[in-house]
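Shown next, in structure tokens, is the structure this report addresses.
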Amino acid sequence: MAMHFIFSDTAVLLFDFWSVHSPAGMALSVLVLLLLAVLYEGIKVGKAKLLNQVLVNLPTSISQQTIAETDGDSAGSDSFPVGRTHHRWYLCHFGQSLIHVIQVVIGYFIMLAVMSYNTWIFLGVVLGSAVGYYLAYPLLSTA
């Protein structure tokens, strides 16, 4: 295995069954990794947007609700009960954790593909990352 970047139409990417031996196979592999890089950027933006949405929708302070309930002042309050708020928070946290795991796995797949030191693969990942950033980041500013 070469330890420097090379232009080649042959490579073994990630698994033995993903063995490329032709220019068409390399083009298809570059396209797959380009789309994975776009997906990675989309997941990154989606995770940030989801976290922002969760933080906006949760009560300002769960500890203030806990104090109010122990004082008996929350009977007339229209806020969420503490148990329900905690349950929502844990569900959102679990969802965020799953999204994070998916993002990490895709990121490591992309990194390992680049470590094949094939210049075409590297350029496909860089282009996919740029396209993903271009397409996904304007979504952060929309409500």
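Cβ coordinates come from backbone N, Cα and C, glycine included.
Membrane topology from Swiss-Prot places Thr10 together with Ser116 on one side.
Summed and averaged per residue, pLDDT over the topological domain 'Cytoplasmic' (44-93) gives 68.
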